[in-house]
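Enquirer: Could you have a look at this structure, given as C-alpha cells, before my questions?
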Amino acid sequence: MTELLLYTSAYFFFAVTAVLLCQKFGLGSVLGYLLAGICIGPVFGIVGKEAESIQHIAEFGVVMMLFLVGLELAPQMLWQMRHKLLGLGGLQVLLTLGVVAGIAMTLGYRWQIAVVVGCVLALSSTAIVLQTFSEKQLLGTAGGQAGFAVLLFQDVAAIPMLALLPLLAVGKAAEVETHGAGNLMANQAGWVVALVSVAAIVLILLLVRYVVPLVLRLIVKSKLHEIFMIFTLALVVGIAALMSLVGLSPALGAFIAGVALANSSYRHEMESHLHPFKSLFLGLFFITVGASMNFKLLGQQFFVIVGMTLGLLAVKALVLWCLGKLFRLPSLGGQLFALSLAQAGEFGFVLLSIANQHRLLPVELHDSVSLVVALSMVLTPLLFIFYDKVLSARAIRQENEERPHDTVDSENPVILLGYGQFGHQINNILISCGFHTTVIDNHAEVVDGLTKYGIKTYYGDATRHELLNTVGLHKAKLLIVCVGDDKQSRDIVKYARHNYPHLTIIARAHDSLHAYDLHYAGADYIVRETADAAQHAGCIVMHQLGLPQEQVIELSQFYEARERYQLDTLAELHNPEISIFANEELLNKAREIDMETKAMMQAIMRGDKVEWEENPNSWVKLKKGIS
C-alpha cells in the first residue's frame, strides 16, 4: 500500500509541475505529461517495468476520449463538411501514409510494418494545434479552417486504423497477446468472428439508440446526479468490455456509441461527467508513454532520430503545402496549413501502444518511432514561431509594399486611428451629427469595404511616424486612438503629444494598467472599453433592487465622476517599472479613494449633500458638489 501511494504521488507531483511549465512556455499539456513520464522513468528511474501494467489501466483514457470525440461528431455536421473532410483530410492521410510507408519499404521493412509506421506518422496533434490556433486567433483564417477540417478527419480516420492494426498481426505474434486475455473469439473460424463482430456492433447501436435514452430519462427524473455519472461510466466500461470479449478495439466501440449519442439531449451532461475522468486517465497514459521511452536509444542514435524527425516534418509539410495549392488556399494560409500539421500526434502513441500489444513492430523501430513522434511535437511551437516572425511578418511587409499608404487629401478636425468595433461606434456618432472625420486603418479589406459602403477611409499604418505627419495632425483638433495593440496605442499617443502639443488626444484603454500607460504617454481623455457597459449593467441592477430611476441616474453619474478621478489620481502614482501590487503608495491611495466613494454614495442614498475636492490637475473637470 505504501509503495502504491509513493508511486501515485510521484506521478501526480511530476505531472502537475511539468504540465504547468509546458503551459507557461506554450508547449501544451500533452508534452507536459510526456515530460513528467520522462522524468520519473528514464531520468530519475522512479518507476520501471510497472509503468507497462499501469499503461493498461491508463489506456481507458483513450476509450473515453474517443467516446467524447464521437459525441462531438453529429452525422449532420459530418455531412455538411464532407467536401473538406474527404478532400483535404482524406488526401492528407492517404498521401502521407503512402509516402511514409513507401520510404519504410524502400529501407527494407515488410509492407505490414510500413503501413503501421505510415498510420502512426500520418496523424497530427489535435491538442497542440487547436490550442495554438485558439491562443493565436488563427482558427478563423483560411489556413486555420483547413487545418481544423483535416484534424477532424484524422480523429475519424484513427478509428479504422485502430481496427486495422490487429488485422496486420501475423502468425503467433497476434496470439501471444490475445491468448488468455478474455478474447472469446481467439480460436474461432473467420466467419464466426465476422458474424459475432457485426452482432456486437449492432447490439451497441440498438442499446445506445433505444435503451440508454430511457435509462437516462429515469435517472434525470430521480435528480440523483451521482447516478448519472455512474451510469455514464458504466456505459463506457461495458462497451469497452464487450468489444474486448469479441476481439475488437474497445476504442472503436466507444467511438461508435458516441456518434450514436451525438444528437442526444443528454450529450452535454455526459461530456461534463466524463471529461475529468478522461483527462485523468489520458494524462496517466501519456505519462506512462514518457516513462517507457528509450532515451538510451536516443543517445546512441541521436543524429538518426533527429534526422528522422526533421524528415517527417519536411515530408508532411510538403504534402500539406501541395494540398493547399490544389485546394487554392491563399499563400499565407497554405503556409500555416503546412507548418501547423507537420508534426505527429497523440493518436500516434495510441496506435503504437496497439502495435506493441500485437508485436507488429520490432522493438528498436517501435522505440525510434515513439521518439520521433515526441520530438516532432516538441518542435511544433518553433514552427508556429517561424510562421509568426518570418512568414506572417514577410506577408504583411509585402502587402504594405504592394499597397502604399493612401494620400490623405482632406483636413478634418477629427482624426480617428483604427476602425474596429470601438472606432466604428465613435465614427457613426460623429457622422450622424454632421462632423467630418479622417479615418485611417491598416487592414486593406476593411478600408476597401468601408469605401465601397460610402465611408471615406484611408489605408495606412498609424505606427509609422511619417504617416502621422501627413494626415493633418497639425490642423486637427482631436486625435482618437482606437488601435487594438496596447504598446502601439501608447507609442502613438506619446509621439502625437510630443510633436503636436495642441491636440486633444482621446485613447481607448483595455484595462486600468493600459490607462495608466496612456495617461503617462500624454492622453487627455482615456476611455476604458468595458467601463460604460459595466456602469449601464450596474444601473439596471440598482433599479431592479428597488431604487428610483432618478436616484440611479444620480448615483451613476457620481460613480462615473469618482472613477475618472481615481483613474487620474492613480495614474500620477503609477510606476511602469514595478508591478501595481508592489506599489504601496498607489495601493494605499486606491483603498482610500474606494472607502471615500463608498461613504459618499451611501450618503447620497440617504439624501445628504456630498462635496469633495477634485484633483486640480485632472484632465476631466468634475462637479465639486452633487446633492
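Each residue, glycine too, has its Cβ placed from N, Cα and C.
Keep in mind that TrEMBL annotations are predicted by a computer and have not been checked by a curator.
TrEMBL lists 6-23, 30-48, 54-73, 85-105, 111-134, 146-169, 189-212, 224-242, 278-295, 301-324, 336-356, 368-387 with the feature transmembrane segment. Per TrEMBL, the feature domain 'RCK N-terminal' maps to 411-527.
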Enquirer: Tell me whether the transmembrane segment (111-134) sits in contact with the transmembrane segment (368-387), defined here as at least 3 Cβ pairs under 8 Å among residues 6 or more apart in sequence.
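Expert: In this chain the transmembrane segment (111-134) contacts the transmembrane segment (368-387) - 3 or more Cβ pairs sit under 8 Å.
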Enquirer: Six or more residues out from either end of the transmembrane segment (6-23), which same-chain residues have a Cβ under 8 Å from its Cβ atoms?
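Expert: Hits for the transmembrane segment (6-23): 29, 31-33, 35-37, 39-40, 46-47, 50, 283-284, 287.
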Enquirer: At least three Cβ pairs under 8 Å linking the transmembrane segment (224-242) and the transmembrane segment (278-295), pairs spaced 6 or more in sequence?
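Expert: With fewer than 3 qualifying Cβ pairs, these stretches do not touch.
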Enquirer: Would you say the transmembrane segment (336-356) and the transmembrane segment (301-324) are in contact under the rule of three or more C-beta pairs closer than 8 Å, pairs 6 or more apart in sequence?
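Expert: Counting Cβ pairs under 8 Å (6 or more apart in sequence), the transmembrane segment (301-324) reaches the transmembrane segment (336-356), since there are 3 or more.
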Enquirer: Cβ under 8 Å, sequence separation of at least 6 from the ends of the transmembrane segment (368-387): give me the contacting residues as numbers and ranges.
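Expert: Sequence-distant neighbours of the transmembrane segment (368-387): 25-28, 30-31, 34, 117, 120-121, 125, 128-129, 132, 136, 289-290, 293-295, 297-298, 301, 304-306, 308-309, 312-313, 335-336, 339-340, 342-346, 348-349, 352, 361.
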Enquirer: Under 8 angstroms, Cβ to Cβ: which one of 85-105, 146-169, 336-356 has the largest number of such pairs with the transmembrane segment (278-295)?
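Expert: By the under-8 Å Cβ criterion, the transmembrane segment (278-295) pairs most with 336-356.
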Enquirer: Give residue numbers and ranges for long-range contacts of the transmembrane segment (146-169): same chain, 6 or more residues beyond its ends, CB-CB under 8 A.
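Expert: Same-chain contacts beyond the ends: 66, 69, 73, 78, 81, 84-86, 88-90, 92-93, 112, 115-116, 119, 122-124, 126, 129-130, 133, 139, 247-249, 251-252, 255, 320, 324, 327, 329, 333, 336-337, 340-341, 345, 347, 350-351, 354-355, 358-360.
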Enquirer: Quickly jot the same-chain residues contacting the transmembrane segment (85-105) by Cβ under 8 Å, restricted to those at least six beyond its ends, or write none.
Expert: 78, 111, 113-115, 117-119, 121-123, 146, 149-150, 152-154, 156-157, 312, 315-316, 319-320, 323, 326-327, 341
Enquirer: Would you kindly list the residues that approach the transmembrane segment (336-356) from elsewhere in its chain, counting only those six or more residues past its ends and only Cβ-Cβ distances under 8 Å?
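Expert: Sequence-remote neighbours of the transmembrane segment (336-356) are 30, 55, 59, 62, 92, 116, 119-121, 123-129, 132-133, 138, 141, 143-144, 146-147, 150-151, 154-155, 158, 161-162, 165-166, 249, 251, 285-286, 289, 312-314, 316-318, 320-321, 323-324, 329, 366, 369-370, 372-373, 376-377, 379-380, 383-384, 386-387, 391.
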Enquirer: Go ahead and report the DSSP secondary structure tallies for the domain 'RCK N-terminal' (411-527): helix first, then strand, then coil.
Expert: 50 helix, 25 strand, 42 coil
